[in-house]
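Below is one structure, written out as structure tokens; comments come after it.
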Amino acid sequence: MDSVQTDWPKDGGGMKRRRDDEEISSTNKQVPDHGVKVASHYNKLQEVGLAARSQSRIFFMRNFNNWLKSVLIGEILEQVRGAEPGPVSVLDLGCGKGGDLLKWRKGGIDHLVCADIAEVSVEQCRSRYEDMRRRSHVREKIFTAQFITADCSKELLSEKLESTELFDICSCQFVYHYSFESETKADMMLRNACERLKPGGFFIGTTPDAFELVKRLEASDSLSFGNQIFDVSFQSKGSYPLFGCQYHFSLEGVVNVPEFLVYFPLLEHMAKRYRMRLVLKQRFWQFFQERVKKEQHRSLMAKMMALETYSHEDPGQPSEDSTGEYCHAKEYCGRAGVKLPVGTLSRSEWEAASIYLVFVFQKMS
Ligand SMILES: C[S@@+](CC[C@H](N)C(=O)[O-])C[C@H]1O[C@@H](n2cnc3c(N)ncnc32)[C@H](O)[C@@H]1O
């Protein structure tokens, strides 16, 4: 099931490809702390209602990302249960405001630990959970939960856990790249993700693909690239340190806190320290293409509105497309035998979503 990317720019994108042990020891430099900025950024983010969200130019991309996480979580839960029936315990590392709570509920897990650096997000996550419990049917058994505010790239989570229980899954969605500021931080995050996993347990997540980011940067004639919905900007190019290689990712005009390139072969190497073996690494588009073949995943896509419906026979649908945002969908609709309407993302959304990858590590017994 492994499908490791190999499309690193031909010259290596300037990232030195020496032996892994040399690379790690050559990068022990001091870098300024970043956690405070991350916490303050996420603490300030406002919850947006459905009405406003549906007006956003990235409405479908957000839904698509959620669909992808749902499918990933569903697949891993199936594997966990297939290997050993019994209660399932999960760590959501960088849980945010609890965007995945419903996925864990649907997956019928037994216990969830939610951890995040942003205190306001953790409180929102807790109140969402309490609300979910209150509103649930008396016969539905909702998982128990613990909420922890901590910088998981600096603090040891095992010292804060209420129980000594081990986890079946650690889920780290759109988070890991913040810790690649330094080797110490990336390692602490990894330790938190993996040290309390059961043998056979999984560390799953989503993160930008450094190969793709560097490839697009190298193809650009400036220090940035993007389109009308996102922009990625670097401070320099040609040379990319293994840790602390910072870039800014802004989405819909909102500048995010700086992120760091996660050079995946290095993460894979570091994970071995925790007896973790890479079992899946796929770019979003690859993951999508494989999963969409199954009817159950397609119907979930429709339910979650993970794609926009498009038909070239329906004028003004989804928009007049004066900017060519739906050329690919129009071309596809014109093919023989295609049933209308089709599901798609705008070109801009797809360019943003296709930066990311999905990973699954498993703990060796
Ligand atoms: C893009 S959000 C993703 C939230 C959630 N996982 C999701 O998929 O909806 C990134 C989250 O990572 C958290 N985060 C970043 N660095 C962290 C750290 N060092 N320790 C814990 N959480 C961190 C942020 O506070 C934020 O909530």
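Here the Cβ of each residue, glycine as well, is placed from N, Cα and C on the backbone.
S-adenosyl-L-methionine binds LYS69, GLY94, ASP116, GLN173, TYR178 as TrEMBL records it, and from the list ASP131, ASP151, ASP209 the residue named for this site is ASP151. Proximity of the recorded positions GLY94, ARG128, HIS177, GLU259 to ligand 1, judged by a Cβ distance under 6 angstroms to any of its atoms, singles out GLY94 in sequence order.
Distances between the Cα of LYS97 (site 'mRNA cap binding') and those of the recorded positions LYS69, LYS103, ARG128 are shortest for ARG128. Rounded to a whole value, the Cα-Cα separation of GLU259 (site 'mRNA cap binding') and TYR178 (S-adenosyl-L-methionine binding site) is 5 Å. Nearest by CA distance to ASN65 (mRNA binding site), out of the binding-site residues ASP116, GLN173, TYR178, is GLN173.
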